[in-house]
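According to Swiss-Prot, the protein has these features:
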type	residues	note
REGION	1-218	region 'Disordered'
REGION	1-222	region 'Triple-helical region'
COMPBIAS	26-44	compositional bias 'Pro residues'
COMPBIAS	60-72	compositional bias 'Pro residues'
COMPBIAS	95-122	compositional bias 'Pro residues'
COMPBIAS	153-162	compositional bias 'Low complexity'
COMPBIAS	174-183	compositional bias 'Basic and acidic residues'
COMPBIAS	206-215	compositional bias 'Pro residues'
DOMAIN	228-453	domain 'Collagen IV NC1'
DISULFID	243-332	disulfide bond
DISULFID	276-329	disulfide bond
DISULFID	288-294	disulfide bond
DISULFID	351-449	disulfide bond
DISULFID	385-446	disulfide bond
DISULFID	397-404	disulfide bond
């Protein structure tokens, strides 16, 4: 605002000195006055004045109301091609088409190989004589000698010549034997000869009728004995087999088929007493070396045992679980050697005359285990005639783990039936047998026999 009105003159105190004092200091500015009333608008400015600076931007206005919908747009361009769809399912076969028109003739084939040489034709007729040669035009030069002709056929034997005089030389060696002459006429019978020496003794005559029964002998010193032949029985169950009547039992055990050590197999004939071990073990052997050291259960050695008819397990067996799966056996003393006979058909083969039957079965031939190792049975051995057939007749025991199982790489081989009229025919037809009944019909039957004592 404008400066206020000047203040009233101050009154100086009357001093002791009658003269007036010095003028006082200027007072402080007064407070601001109230705001004045705005003045009237001034006259319009001259055009000659400078243009002012642009004002500040105004505050943004409120949003406007939505406008009306616009007109429809133009038609768009065609879109891009889509991705290839998946292949559809195969269609049904169409009907057979009409026969095609005959094709054009093929190209001429290659010439065939030359044919065989034909037989020699008959000699031709003699040709006409040629014209006489011009002796003056052709000088007579002798030609070369011709090629020797083929050897002619052998001539007939000439008549024997006259005996010539002896030659001047020394007497030669005797000549070769002449041809055999014709047989002469039989001579007249000669006089009877002298009596010959005594001939050799003739064959023994037929046995005579049995003589009368002798007197009873004295009482013996001890019990009787058999001949010492051994007979091995395998029950293919977990029960011990019974020896035939009159054959004492020597021992019982478990049916050992074969052993495998150092990746090599050692077979046991089921008809011999060594296949009946008194005590079972998944690893019944140790191996020793030249350094005087023996090792047991240090390698992946195995043992294979004849199995019982128990159902196949799903997992490996251990400890007491193994017992019902191992076949039991017995060794008996027999009066004679037992043999197996095989029919190679479905019929039971008969025992030879004066022999009696011990059991009938199926012809077990051979077996393989881990890798290409295995063994087999001699077809005359009673071990080749098992009383019961099954596709997996034995199980493998892994000695180090102490477990037994029917592994998939174990194979058994059996003698098959053969029809006599087809034994020399064409190749056998392949076949796969899955049913137990069909398998048994394909396997040869057998019988174990022993001679009557």
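Placed from the backbone N, Cα and C atoms, the Cβ positions cover glycine too.
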Where residue 446 (disulfide bond) falls in three-state DSSP terms: strand
Identify, among the disulfide-bonded residues 351, 404, the residue whose Cβ has the fewest other Cβ atoms within 10 Å in this structure. 351
Among the disulfide-bonded residues 243, 288, 329, 385, which residue has its Cβ surrounded by the fewest other Cβ atoms within 10 Å? 288
Go through 276, 294, 332, 397, 446, the listed disulfide-bonded residues, and name the one with the sparsest Cβ surroundings, counting other Cβ atoms within 10 Å. 294
If you run through the compositional bias 'Pro residues' (26-44) with DSSP, how many residues end up as helix, strand and coil? 0 helix, 0 strand, 19 coil
For residue 397 (disulfide bond) and residue 276 (disulfide bond), determine the Cα separation and express it in whole Å. 16
Between the Cα atoms of residue 329 (disulfide bond) and residue 385 (disulfide bond), what distance do you get, rounded to the nearest Å? 14
Sequence gap of 6 or more, Cβ distance under 8 Å: name the residues on the same chain that satisfy this around residue 449 (disulfide bond), in order along the sequence. 338, 339, 340, 341, 351, 352, 355, 356, 357, 358
Per-residue pLDDT averaged over the region 'Triple-helical region' (1-222) comes to what? 65
Do you know the DSSP helix, strand and coil residue counts for the compositional bias 'Pro residues' (60-72)? 0 helix, 0 strand, 13 coil
Nearest to residue 385 (disulfide bond) by C-alpha distance, among the disulfide-bonded residues 288, 294, 404, is 404
